[in-house]
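The structure under discussion appears below in the form of structure tokens.
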Amino acid sequence: MVGQSRKWMILVAATWIQAFTGTNFDFSSYSSDLKSVLGISQVQLNYLSVASDMGKALGWCSGVSLMYFPLWAVMFMAAFMGLFGYGLQWFVIQRLITPPYVLVFILCLLAGCSICWFNTVCYVLCIKHFQANRALALSLTISFNGVSAALYTLIANAINPNDDTIYLFLNALVPLFASGAALIPVLRQPPIQSLRADATRRDSIIFLCLIILAVITGLYLLLLNSLSSDVSKARMLLVGALFLLILPLCLPGIAYAREWARRNFPSRFPSDNSSTFNLVDPDDFELHKELIAGSESTNATSATNANSHGLIDTEGFFRCFECFGKLMEKDRLTVLGEEHSAKLLVRRWDFWLYYAAYFCGGTIGLVYSNNLGQISQSLGYSSLTSSLVTLYSSCSFFGRLLSAAPEFLRDKIYFARTGWLAVALVPTPIAFFLLAVSGSEAMLRAGTGLIGISSGFVFSAAVSITSELFGPNSAGVNHNILITNIPIGSLLYGLLAALVYDSNEGSSIIGVSLLKEATLCMGRSCYRQTFIWWGCISIVGLASSLFLFLRTRTAYNRFERNRNRTQVMQSYSQ
């Protein structure tokens, strides 16, 4: 029982780490000040944003470090990288030091690496201690990374709402304090235990309660953050937000008390065997492979009649895409969970379709958030930058939470996770074309919210999709290969936006020092052409996700049929 309580403490600690280490989301809050102090162009500012995102390409370093150092040491390495990277940037923006541009670039790179290292720590904690409900644990903890900007806005407004440079100071110190708060649970990790089916069901119910609490937290930050412009109100709201983050600490005690009452008063509790609320154990992949090997001929004939097994038949809707799908039938995935080495991964058509969907979908949303400060400034809404950053962050949070929906809906409506990915990418091109058509405040907020929800879903669901398509044991390496598209996309998409911004005829020159000057573009024309390009690129990502769904839906349907067959056999044996 004590081990179960410690396990939930681990989840709460991972939630805290994610909630306070998504420091890349508030880049737009201080990017204009950084640009002015350094006296750089929009293209050079974009390179600093790319440097922060390049930490994703170096994510493998954190995995290698875990081979030689304990988990708590890697966590504090990440904290001190952020302290050094963001702390010196704060000295720069306060004009206390004047380093060359190259050094500022390196500081941004170091700060970006710290975020990736924190993410690796959380992934390892969730995968290690929640093997049966790994997808739910990852979705829940990753979602809290999306509220970081909202939390930092509350803290900044509680200190000084008129000072945007304080974000860098908070980015340097807050993750270090969060790491200290999470240290005891990380040090006192329970031994790994295999759970029985009834224990897995109980864990699923606790996860449902946690997700409901997470939704309440997200709504609290989204709806009440607009009231935080006043210092006293911001402090009250910050206390409420911290209370909501601390509230899950009650779960270990509840879990302990529940187990004690179940053992001492068994008649008061209904049998868990009657519950149908259960999620798929990732270890079932091997069992399903054996079933598939023994019934390959049966699956071949039943694949065209999925409705008889309660699955969604999308044949009619996607019939027009079949001719294109047949062009890529070679080497398609037929079994989920098969382990792929890096060498085999890059030779898969499915991987490159997946890569393109992420590259043209989720990554472009991240680049939009990095440019949000200049976008709002060019449209004449500079005072709304913090609220827009909070809106994107909160909507990204809800998008990440929505990635857990397939786990809860699978008993009623089963749909391949790659299909959910395609659905999640639909709002992105719509949002960009709406932003290109109108520059009103309402459209800016609506577009920001849509892009935040879409990209948040992609970021969270991608970890589970990588595990399902290319093997759970290889997910750490394979996912780091996938997210190399983030720095590449940040460079290309950001460079496109910066070139359009700097070359616009409406640009004006503002002197920021005797030797330096920075360009400032005002008007809708600064980003309208960029929005059109980004919208077209996101359509490519949507098309790639549709082709990926067509190629993988057979494997997902086979997996679900064999899962249902396994459950029927288990019920008969009981």
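Note: Cβ is positioned from N, Cα and C throughout, glycine not excepted.
The domain 'Nodulin-like' feature in TrEMBL is assigned to 7-252. Per TrEMBL, the feature domain 'NFD4 C-terminal' maps to 338-555. According to TrEMBL, the signal peptide annotation covers 1-22. Annotation comment: TrEMBL describes 66-88, 100-125, 137-159, 165-184, 205-224, 236-257, 351-369, 381-402, 414-437, 449-470, 482-501, 531-550 as transmembrane segment.
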Feature contact check the transmembrane segment (351-369) with the transmembrane segment (137-159), CB under 8 Å, 3 or more pairs: no
Across the domain 'Nodulin-like' (7-252), average pLDDT on the 0 to 100 scale: 83
Among 66-88, 165-184, 205-224, 381-402, 531-550, stretch most in contact with the transmembrane segment (351-369) (C-beta, under 8 angstroms): 531-550
Other parts of the chain folded back onto the transmembrane segment (482-501), taken as Cβ under 8 Å at six or more residues beyond its ends: 41-43, 45-47, 49-50, 53-54, 56-57, 59, 351, 354-355, 358-360, 363-364, 366-367, 370-371, 374, 378, 462, 466, 507, 519, 521, 526-527, 529-530, 533-534, 537
